[in-house]
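Asks: TrEMBL lists these features:
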type: BINDING; residues: Pro164; note: substrate binding site
type: BINDING; residues: Thr195, Asp247, Thr250, Asp255; note: Ca(2+) 2 binding site
type: DISULFID; residues: Cys37-Cys117; note: disulfide bond
type: DISULFID; residues: Cys70-Cys75; note: disulfide bond
type: DISULFID; residues: Cys123-Cys323; note: disulfide bond
type: DISULFID; residues: Cys201-Cys233; note: disulfide bond
type: DOMAIN; residues: 27-327; note: domain 'Plant heme peroxidase family profile'
type: SIGNAL; residues: 1-26; note: signal peptide
type: SITE; residues: Arg64; note: site 'Transition state stabilizer'
Amino acid sequence: MESFASNKLPFVSMFWLVFLSPLVCSQLYYNFYDSTCPNLTGIVRYNVWSAMAKDARIAASLLRLHFHDCFVLGCDASVLLDDTDTLKGEKNALPNKNSLRGFEVIDTIKANLEKACPSTVSCADILTLAAREAVYLSKGPFWSVPLGRRDGTTASESEANNLPSPFEPIEDITTKFISKGLEKKDVAVLSGAHTFGFAQCFTFKPRLFDFGGSGKSDPALDDSVLQSLQKVCPNQADSDTNLAPLDPVTINTFDNTYYKNIVNNSGLLQSDQALLGDNTTASLVNNYSKWPLLFFRDFAVSMEKMGRIGALTGQQGQIRANCRVVN
């Protein structure tokens, strides 16, 4: 092998250039664990599939967990850290408390990976892969995930309290996306994650009874959808935590029905329906409502972009032994 390499240097150099360049992505690599943990994808997929078999909602929850991680300090698994005497985690931030789910699934995957390849796979990479598998196993797109993220050693409840909110105008949400290196298109694309999963009534109840302080319902909301939601979420405080599907047509399937719903004035969250109020996002909504494969392609691209936000690599951070605590 040595003599081959030394005699064929131009060929070998060209081989590395042609075949390995696409595997590199800003210090993240598609083949990062190929030799150190070859069964990684299979272990993650099996555990996500197993969790979904017990609880269909968990797929959307795992995708949301990844989003809430990446938008706070980057994709560093800070969202998984429990509060300690010396560290204030993100789990009790307003957007996360009594809402964020899937921690036990990540724990199980981590435990299995520690048996298969100890001290090798980061919790941040587990979150990223679990989100991809959750989408794929819900009949959504598959995309290659660049890997090699390291786990952070801190968290930020204050940043978590500033996550994009369904109550915010689309302009404010867009500003938050841009601050993370994303763009307006990504707002429309990643909002498509609301094609499965559920929302608590308090996140959209103002649209049903007191839109903009008017004492009336949101005029943009379809009448039949309004009446159906008012039954699930009556105008009383004890209905705040009741659940309604984000896409009532194909509840647990990852598809483009979310965009069809918006076109039909049936988007659940105010921030969903608001996508029609901006020319750029409205155009994307209309296109995705007609062309599911276009949505799938763009969603995969946006997810990979989001998965790179603030990624720690090389010697930065650590590989946590337990995703809930810093080593």
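The count begins at 1 with the first shown residue.
Yeah, the Cβs are placed from backbone N, Cα and C, and that goes for glycine too.
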Asks: Do me a favour and check the Cα-Cα span between Cys75 (disulfide bond) and Asp247 (Ca(2+) 2 binding site); whole Å is fine.
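Replies: Each residue's Cα considered, Cys75 (disulfide bond) and Asp247 (Ca(2+) 2 binding site) end up 27 Å apart.
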Asks: State the Cα to Cα distance, in Å, between Cys117 (disulfide bond) and Asp247 (Ca(2+) 2 binding site), rounded to an integer.
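Replies: Given the Cα positions, Cys117 (disulfide bond) is 39 Å from Asp247 (Ca(2+) 2 binding site).
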Asks: Of all the binding-site residues given, Thr195, Thr250, which has the fewest Cβ neighbours within 10 Å once its own Cβ is left out?
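Replies: Among the binding-site residues Thr195, Thr250, the sparsest Cβ neighbourhood within 10 Å belongs to Thr250.
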Asks: What is the one among the disulfide-bonded residues Cys70, Cys201, Cys233, Cys323 whose Cβ has the most other Cβ atoms less than or equal to 10 Å away?
Replies: Cys70
Asks: Including all protein chains shown, what's the count of other C-beta atoms within 10 A of the C-beta of Pro164 (substrate binding site)?
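Replies: Its Cβ shell of radius 10 Å holds 22 other Cβ atoms.
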Asks: Comparing the disulfide-bonded residues Cys37, Cys117, Cys123, which residue's C-beta has the most other C-beta atoms within 10 angstroms in this structure?
Replies: Cys123
Asks: Round to a whole number and give the Cα-to-Cα distance in Å for the pair Pro164 (substrate binding site) and Asp247 (Ca(2+) 2 binding site).
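Replies: Distance between the two Cα atoms comes out at 20 Å.
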Asks: Any idea what the Cα distance is from Thr250 (Ca(2+) 2 binding site) over to Arg64 (site 'Transition state stabilizer'), rounded to a whole Å?
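Replies: For Thr250 (Ca(2+) 2 binding site) versus Arg64 (site 'Transition state stabilizer'), the Cα atoms are 18 Å apart.
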Asks: For Ca(2+) 2, what surrounds Thr195, Asp247, Thr250, Asp255 with a Cβ no more than 8 Å from their Cβ centroid?
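Replies: After dropping the recorded site residues, what remains is Phe196, Val249, Ile251, Thr253, Phe254, Asn256, Thr257, Tyr258.
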Asks: So what sits near Asp247 (Ca(2+) 2 binding site) in its own chain, CB-to-CB under 8 Å and at least six residues off in sequence?
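Replies: Looking at Cβ-Cβ distances below 8 Å from Asp247 (Ca(2+) 2 binding site), excluding near sequence neighbours, one finds His194, Thr195, Phe196, Thr257, Tyr258, Asn261, Leu268.
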Asks: Cys123 (disulfide bond) to Arg64 (site 'Transition state stabilizer'): how many Å between their Cα atoms?
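Replies: About 15 Å separates the two Cα atoms.
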